[in-house]
């Protein structure tokens, strides 16, 4: 069927900010969809709130709206633009929920807008647990025994009948939010209450736990002619019970017999047909390992995280084709863009094994509960490709960027058998490493299978790796053993440690013996047809499929998995850099391992290498490609950390030199540079011992800011107020020694300013200056940023511009630099300089129209700023106000303190823009998920040091009509200031207390500033966590609270009696 000609304009709904459960995969799918629809001649309008994406670039769609994804704003855009149709299935759960809300509100009917791809009835049938269960019964498809519940009493009824354990699955939620496995009544109360709160329709499915079954996923496509295919089937190494986003996944499935494969394939196709989905769909199934009994777990009637993985695993671009199907094209009409010969109705075939390992944020949140269940906790993931599962797994392990090069963790070697058993039974993020350790210590595969029901096939593969370790250690210098180890995916790093040599010595030894990997192509058809796509992976085999051209090439290092501190912003910069390299006439080569991102879409670069970002894996590519050089500025700390090793191998680092990179990162060298340039910075020193740290802090005076050198995202950074806190930090947060010094600075309570600039060594161009709403001390990634600055005097702005230009030239920066300043007592101080792309590059690029990563790349390639039409100086400021607001995923991470400080905690960001600061802030806050009601109650409980400041805030809340609630101490201070307040009991009271008010939804805001000593038992911690669990905005910074007050005050009409007004006027006349 040809494409539809009765529609012209299509509104694509994006997925909003990155949160746990919904990450960069929707930037990839949304970008693909917009381009795909434009190719077919449709006018595309995009709405998304996330400025850090390629999707929200003006070139992606005909019109781009960066606005909150709420009914209020999306309805306004629909009424203004009058699209013929909307496509919501590429915006994740956000897009689906938005489509349902728009339909129910009547806006779609009012404006004559059609839903494309997946009809509303199919969305509701797949997402509403009751309707889905009914459909499965009609199809005779087995589902676990289950019950739909809307309250706790109904949950008790089901459990009394079926017994524990039960799984709670809330309806219309993302990444299993609010759900979990209940083993007893206490867990049932907690998880059901949470699930009902998080479900927008207050509905949960309770089902008998089938934990222990194999979990299998089928990624399927269907068109309007009822052609349906399986793009990819995947198997979770972790059995049912761990969310698929937190599971280690392999593709294709490894342990299914042909009968099992065909049985589950037929079921998946039957389901997509019954739902009438036109596009992509993900079906999750459970299979009993001892019989042919299977169960349908759930269906995602949209493009998902698994679709992105399946697309990268097979080379089959699901989102691109789903968009074409949505406008009426059929699979047998669409040419496969990989082979450019076959059609999209051919099912992909794989002659390799793909492994996906999640990347969790537990290195950031040490207090978080690491147990894995049905609620997702990973922020991102890595993917690797190999010719066997062992190779594929080990490549994925070293892609995680946790300083791990092999399936072993030193701290697990001390575990006894009983501890290992407990941790293997109750899965956590280290389970596969513990399984390997158990096998090393002689635990049998049978015992491990009994503990966790992981398939014997996977346990055998882990045992193969452990047996090979013994071979390697027993045969030092043996080339045959080395060859076998390399074929199994062992890294030079591991072999070097086993043979007591350096990694470079192993690398040289292999080269002398011609022991290097070959590169194979990902072609969707197992080499049956010729492929036109240069998408490669390395393996130790005979035939090399790589074609090295004569063109001059440049390598860009990607930023690896999404994690807190290094998000999609770096992928944005990477993609723009690749495009600039192509524009400059070079062959653009990218190395990355993140299946979710736009940068690993094979159509972006001239060559894509899906490889770990380690020195060994990168050098294999460089040895073959022999590029002009490597750009490390856009891949975050991942790429910067490789710069020194690459230079040791004789590789040219393009842009800012290694020496100058080091000068910006090394404390003493940086201090010397600032002194030479006459630029002030907070008083600070470097400590290499605990004693030294104590002495420095005494000399500088508390409070001090302490952090390790060379960090990203404020990792292990803290403000300490007294000596005992400093000693706790030095013993627990960092391992201090001569090679890893700790930096100690005077903490200045001032206004923080952030600047991004581009330097060519001679000229320094400043696209924008941003002001942070929160004072210095809250990580820049967690602050609300405002452009243009609203409270900076011209004199201070000039100082900042002068310092930025001096730093760009003085540090010999070639490319991008990011500087953070603090304004303290009308003086500008430099806090830090990052000689690379920062997380504000996409935001400022979109606002100012300066494509910063593109311009910087061309500078790096030798085209100076003047040639590109830019000179030294500050770009004229825009008239509108733009706000960048952080988005957090605390609801997914139990036991994590929500207090903001110098260590970054946000997972994503949104943008609000309007004519005034208040309106822009309103949009930013609403887009970030903060509800802003114009009246209600606010609980105020603050530390003693903040009481004076909190009084003014409380007074303003009272004046706009809010009720004030406070515990005795704070209430007394308010009463003394004649501010009406209701006293509430502290949380240790057995009577109705502060936590009850939060649980019952009777407070709209909680203002709670940190009481020191962050152990979870603290009252402050419990209040903050209770707020998160109950969806109440908890404000831990008084600066953020003031920003919200500005918005509330701008929304509130004043109400004064005539007498008050007359008295005020009389007072003014008397005093005139």
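Cβ coordinates are placed from backbone N, Cα and C, and glycine is handled just like the others.
The secondary structure of residue 298 (Mg(2+) 1 binding site), as reduced to three states from DSSP, is extended strand. What Swiss-Prot lists as ATP 1 binding site is 129, 169, 175, 176, 208, 210, 215, 241, 242, 243, 284, 298.
With a cut-off of 8 Å between CB atoms and residues at least 6 apart in sequence, the same chain places 126, 132, 169, 284 near residue 298 (Mg(2+) 1 binding site), listed in sequence order. The Mg(2+) 1 binding site annotation in Swiss-Prot covers 284, 298, and the record cites sequence analysis as its basis.
According to Swiss-Prot, the Mn(2+) 1 binding site annotation covers 284, 298.
Residues within less than 8 Å, Cβ to Cβ, of residue 300 (Mn(2+) 2 binding site) and separated from it by at least 6 positions along the same chain comprise 126, 281, 282, 284, 306. Among the features that Swiss-Prot reports, Mn(2+) 2 binding site is placed at 298, 300.
Look at Swiss-Prot and you will find 298, 300 tagged as Mg(2+) 2 binding site.
Residues or ranges marked as ATP 2 binding site in Swiss-Prot (evidence: sequence analysis): 707, 746, 752, 777, 778, 779, 780, 820, 832. Within 10 Å of the C-beta of residue 707 (ATP 2 binding site) there are 22 other C-beta atoms, taking all protein chains into account.
Around residue 832 (ATP 2 binding site), the same-chain residues six or more apart in sequence whose CB sits under 8 Å from its CB are 819, 820, listed in sequence order. Look at residue 832 (ATP 2 binding site): DSSP puts it in a strand. Residues or ranges marked as Mg(2+) 3 binding site in Swiss-Prot: 820, 832.
The Mn(2+) 3 binding site annotation in Swiss-Prot covers 820, 832 and is backed by sequence analysis.
Per Swiss-Prot, the feature Mn(2+) 4 binding site maps to 832, 834; the stated evidence is sequence analysis.
For 832, 834, the entry in Swiss-Prot reads Mg(2+) 4 binding site.
The domain 'ATP-grasp 1' feature in Swiss-Prot is assigned to 133-327; the stated evidence is sequence analysis.
Per Swiss-Prot, domain 'ATP-grasp 2' is recorded for 671-861.
Residues or ranges marked as region 'Carboxyphosphate synthetic domain' in Swiss-Prot (evidence: sequence analysis): 1-401.
Helix, strand and coil content of the region 'Oligomerization domain' (402-546), in residues and according to DSSP, is 75 helix, 11 strand, 59 coil. Taken from Swiss-Prot, the feature region 'Oligomerization domain' applies to 402-546.
For 547-929, the entry in Swiss-Prot reads region 'Carbamoyl phosphate synthetic domain'.
The feature region 'Allosteric domain' is assigned by Swiss-Prot to 930-1072. In terms of DSSP helix, strand and coil, the region 'Allosteric domain' (930-1072) has 69 helix, 20 strand, 54 coil.
Within the set 707, 746, 752, 777, 778, 779, 780, 820, 832 that the record links to ATP 2, no two Cα atoms are more than 18 Å apart, and one pair reaches that distance.
With the fewest other Cβ atoms inside 10 Å of its Cβ, the least crowded of the binding-site residues 780, 820 in this structure is 820. In sequence order, 215, 236, 372, 373, 374, 427 make up the list of same-chain residues 6 or more apart from residue 242 (ATP 1 binding site) whose Cβ falls under 8 Å from its Cβ.
Here residue 129 (ATP 1 binding site) is positioned 48 angstrom away from residue 707 (ATP 2 binding site), judged by their C-alpha atoms. Across the fold, the C-alpha of residue 778 (ATP 2 binding site) and the C-alpha of residue 208 (ATP 1 binding site) stand 45 Å from each other. The binding-site residues shown are 129, 208, 834; of these, the one with its CA atom nearest the CA of residue 780 (ATP 2 binding site) is 834.
Residue 208 (ATP 1 binding site) and residue 752 (ATP 2 binding site) are 53 Å apart (CA-CA, integer value). Comparing residue 129 (ATP 1 binding site) with residue 834 (Mn(2+) 4 binding site), their Cα atoms are 49 Å apart once rounded. Just so you know, the Cβ of residue 208 (ATP 1 binding site) picks up 20 other Cβ atoms within 10 Å once every protein chain is counted.
In the predicted model, the region 'Carbamoyl phosphate synthetic domain' (547-929) shows an average pLDDT of 92. In the three-state DSSP reading, residue 780 (ATP 2 binding site) counts as helix.
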